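Undergrad: Dumping the structure here so I can ask a few things about it.
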Amino acid sequence: MSAKPIDAMTLAQARREHSRLGAEIAAHDARYYREDAPTVSDAEYDRLRRRYGELESAFPELASPDSLTKKVGAAPSEKFAKIRHRIPMLSLGNVFSEAEVEDFVARVRRFLGLPTEASLAITAEPKIDGLSCSLRFENGEFVQAATRGDGFEGEDVTANVRTIAEIPARLKGEPPEVLEVRGEVYMTHADFAAMNVRQQEAGKPLFANPRNAAAGSLRQLDPNITAGRPLHFFAYAWGEILPAPPAGTQMGMVAAFKSYGLPVNPLMVLCHSAEELIAKYRSIEEKRAALGYDIDGVVYKVDSLVLQERLGFVSRSPRWAVAHKFPAEQATTVLRDIEIQVGRTGALTPVARLDPVTVGGVTVANATLHNEDEIARKDVRIGDTVRIQRAGDVIPQVLGVVLNKRPAEAKPYVFPDHCPICGSAAIREIDEKTGVADVVRRCTGGLICPAQAIERLKHFASRNALDIEGLGDKQIEQFYHDGLITKPADIFTLEARDKAALKKLKDREGYGETSTRNLFRAIEQRRAPALNRFIYALGIRHVGETNARRLARHFGSFSALRETGRAAAPGSEARAEINNIEGVGEVVAEAVADFFAEPHNEEALDALLAHVNPQPMEEIVSDTPVAGKTVVFTGALERMTRDEAKAMAERLGAKVAASVSKKTDLVIAGPGAGSKLAKAAELGVETISEEDWLKLVGRA
């Protein structure tokens, strides 16, 4: 069913759809960030967000300070030494349609305040499907290499990268004193096929695809193994450069890389409109099969480095770049069963069990069915022949049914209204404000549901949370069922309890002296986690990695967050403080308050904090006049856009709030400032002009 045109809607109709979309997007955010189990493709998610934004543009009454957050990476393995990226190594946002490309260009122009007639140069280049890597050269000499990791910390793969023939030990010409070159390590189709032949002849497992082969080869503990693998590299970006970049444009930087002897992709071109970008996308897509290496889209980047600096970043991706992904590959197969999985928040997720089929070079035997509404809408039945795709080339999903192949005995699927694990009622929560039912059905078993407890423990120890090496899903399930770990604090008392136990962990099947010692050491190394990781690990509803980072930066310590969360009753100053953190909003504020209001959570935290001491995050900038201060922008700004001003303030270490309160340190007011300016005067908060702000931060 097609959506009703927005210009044909009444305010009441728009409000209903806005509420429904908000609930749906919030549910998708929750499943992506907190449960690591997204149920829609990036393309579908982006379309939902765009529709949501279009409704607010047409009906400004619907807009609120709340923002929806974006995604994240994976923590480095304990098997490698870690390298802290001096400049974060972030990922790109994705688009999947020509309309979204046009929207990207329009957003960039709006953010920069460019008039229609002003030229905007944007590069286009193939998106290599490999493993991102950062190479550091000092005085022209290659000295270090690191994987992306979680974007802030990666794995030290220096010895392995030295074996890649295309990467010079010394750069040609006169490169900067310090140059961090970033790019993609990949494997060609021919090399991949030849390597799999050797694997088969040696009786070893075959690699699924060139990307997996490249990633596995680069992350070998023995560099001699990497040396025997045919890896290649394309340079396309950079991190730290001292004393200054050798060029002022993206094209110029890549040309400089080439002059230094680094391999760059020859298909990179300069475009000046969305139409030219789309034409280049089509051209590269036509060449895709003949390139000899895997690509999964085309990357667009604003060419000017000055404009890139102005555009800055949103969440964990740049505003000045985006990846235009190729359509996901599809296949048909038979759906043999529908299994209901229970997540750590009690969400019941239907998973299709399929006859194995190859999609995009990967064998798929399971696919998401999203939720009960999607099953009903698509009328998916056990025994149906279904169309599946790897959404965004990653997450398999069922697209629909091939009706002319439906068996006569296939019956409509009835979604369970009780938890398949603990038998508790499973309900769809109703939003008290909107009256809209949640798209996800949840088990009400809470603390008595083993599935939820196990999934919460898995999340707590997962890579993007506390990242406890050796304590994976399988181990947690085993330890839970054996009564060894039933709550987070149990992880940190495991070694002490094991010493007193009659049957030692090392004597269990699958364990031994070494693996047990390594596990205990990994646990010990997580007694002082970064505050943002600790907050994320707690599994607070609506608090994914991005919001955990925002809360950590704002409060600085877990005790401060806990104190505010305890006091965050509706209408309180504490609730307002959380709500006013830029990008957080009321939904998260309510979830934080609910979490700390639950006595069982408080008991679990007391037990956990007896063994764990969360550490404050490193400040972005600590030596600026506004570092640590809470600022509010109001009225029209003349030298920069509102988004640009907020991004600048955050880079300088300030906290940007959406409204004025007693905790506001500074209000920057432009022409047309209204209620916020009046509130600042009432509370005695210092108010300055945009010009004074720029002088204060040294940007006048």
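Even glycines carry a Cβ here, placed using N, Cα and C.
The active site, N6-AMP-lysine intermediate feature in Swiss-Prot is assigned to K127. The annotation NAD(+) binding site is assigned in Swiss-Prot to D42, A43, E44, Y45, D46, S91, L92, E125, R148, E184, K301, K325. According to Swiss-Prot, the feature Zn(2+) binding site maps to C419, C422, C443, C449, an assignment based on sequence analysis. Taken from Swiss-Prot, the feature domain 'BRCT' applies to 621-700, supported by sequence analysis.
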Undergrad: Around the recorded Zn(2+) site, report the further residues of that chain (criterion: Cβ within 8 Å of the mean position of the Cβ atoms of C419, C422, C443, C449; site residues excluded), sequence-ordered.
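TA: Neighbours within 8 Å of the Cβ centroid, excluding C419, C422, C443, C449: V342, G346, P420, I421, G423, S424, A426, T444, G445, G446, I448, P450, A451, Q452.
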Undergrad: Over the domain 'BRCT' (621-700), what does the predicted model average in pLDDT?
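TA: Taking every residue of the domain 'BRCT' (621-700) together, the mean pLDDT is 85.
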Undergrad: Measuring Cα to Cα, how many Å separate L92 (NAD(+) binding site) from K127 (active site, N6-AMP-lysine intermediate)?
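TA: Cα-Cα, rounded: 11 Å.
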Undergrad: Go through C419, C443, our binding-site residues, and report the one whose Cβ sees the most other Cβ atoms within 10 Å.
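TA: Checking each of C419, C443, the winner is C443.
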Undergrad: What Cα-Cα separation, expressed in whole Å, is found between K301 (NAD(+) binding site) and C443 (Zn(2+) binding site)?
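TA: If we compare the Cα positions of K301 (NAD(+) binding site) and C443 (Zn(2+) binding site), the gap is 45 Å.
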Undergrad: Determine, from DSSP, whether C443 (Zn(2+) binding site) sits in helix, strand or coil.
TA: strand
Undergrad: What same-chain residues, at least 6 away in sequence, bring their CB to under 8 Å of the CB of C449 (Zn(2+) binding site)?
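TA: Within the chain, C449 (Zn(2+) binding site) has Cβ neighbours under 8 Å at V342, G346, C419, I421, C422, S424, C443.
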Undergrad: Could you round the CA separation between R148 (NAD(+) binding site) and the residue listed as 'active site, N6-AMP-lysine intermediate' to a whole angstrom and send it over?
TA: 16
Undergrad: By DSSP, how many residues in the domain 'BRCT' (621-700) are helix, how many strand, and how many coil?
TA: 26 helix, 15 strand, 39 coil
